[in-house]
Amino acid sequence: MDWDGIIGDGSRYAALERREHGGRLLSAAFAALSLLAVVAMLAAAAGPWLALDLRGNVQSAAGRTVAARAAGLPAGRRRAMLAAADAYNRRLAASGRVSFGSVDGDDGTASDGEYGSLLDVDGTGLMGRVTVPSIGVSLPVGHGTGAALEDGAGHLHGTSLPVGGGGTHTVLVAHSNVPQGPMFTRLDELRRGDRFRIETLERVLEYKVESVARVPASTPDGGYARLLAVHGTRDEATLMTCTGNGNSQRLLVTGVRVVAPSSAKAAATESAAEGRPAGALASLATLAVGLPAAAASDVMADAPATRHGVIPRRGRGRLEAAGTHGPHRQGRRHKARHKRRPLE
C-alpha cells in the first residue's frame, strides 16, 4: 500500500482547507468592519436628532418634577395659591387690558411685582406644565417669556394665568427649531380637534384646538392682540411660537376648554409620547453589536469542521470526510495498477 501517496494527498487537502478557512476569516472580518462603518454612519446621522430628543426628555422630566412638587404642597396652600390666581384673572379681565409682554424683548414682568409671586410652586418661577401628547411635547411652564424660554415654555404676561375659568385666555410661548430641545417645533402639525393639556397645581385643564393662525411678527399690541384677548365667558388657551423665514411670523394654536380625561387615560397618553430616545439608542446598540456578530457567525458557519475530519473537495459542491474517499480511491487505483497479471 502506498502510504506516502495517501498521506501526501491528505496533506494537500489539509493545506487547501487551511487556505480556504483563512479566506473565510478575512471575509468575516471585512464584513464586520463594513457593517460597523455603516452603523457608525447611521449613528452620526441620527446623533443630532437623538441629542435633541434627549433634551426634550430632560424638559419632560422637569415638567413632571414641577407637578410632583405642586402635589406635595399642603392642600390649604394650594387652594390659597389658586384663589389668588383666580382673583388676578378677574381683575385683569375687568380692566379690559390688551397690553402684553414681548416675546423677544421686555416681557413685562419686571414692573409687575404681584405677578411674579403668583403660582410660584417651588421658588424658581415655575408654575406648572403643558403637554401635547400628539406631538410628544411636555414642558415646564415658567413666569414670563424671558429666561423661562431657555428650558421650557413661558406664560405671556398680560394674559390670564393658566388656571382656567370662564372669561380667561392664557397664552403659553415656547421656541421652535432651537438646540435646547424640540420645544414647540412641531406645533404646526396640530389641527382642529387635537388636544393639549395644562396642569397648574391641582388643576388639570384640557383644551381642544379650535383655530390655527399665522400672523405677522409685529408686537402683540399692534398686531394680533384681539386674538389673545379674553372673549366673553370663554375659557381659552393659546400655544404660540415663532415661524416663517427669519421668524417673521407667529403661529397661534388656540383651544377651548373641554372636559379633561381621567388621570389614568391622561397618564397613558403622556407616557406614549415620551421615552423615544431610549428606544432609539437601544436600536443603535443592537445594530452595532448584532450585525457584525451575525455576519461573522454566518461566514464561520460555512467553515469546515476540520477537527472532525471534514474537508472540502476542490471543485465539488459537497463535503467529504478526509481519508474516506480521496485517499482510499487513490489507494484502490494504485492497487489496480499493480494487480498481478495472470500467467500466460
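Yeah, the Cβs are placed from backbone N, Cα and C, and that goes for glycine too.
Taken from TrEMBL, the feature active site, proton donor/acceptor covers His175. Summarising the annotation, TrEMBL assigns active site, acyl-thioester intermediate to Cys242. For 326-344, the entry in TrEMBL reads compositional bias 'Basic residues'. Positions annotated as region 'Disordered' by TrEMBL: 306-344. According to TrEMBL, the transmembrane segment annotation covers 25-50.
Cα-Cα distance from His175 (active site, proton donor/acceptor) to the residue listed as 'active site, acyl-thioester intermediate': 7 Å (rounded to the nearest whole number). Here the Cβ of Cys242 (active site, acyl-thioester intermediate) has 20 other Cβ atoms within 10 Å, regardless of which shown protein chain they belong to.
Within 10 Å of the C-beta of His175 (active site, proton donor/acceptor) there are 22 other C-beta atoms, taking all protein chains into account.
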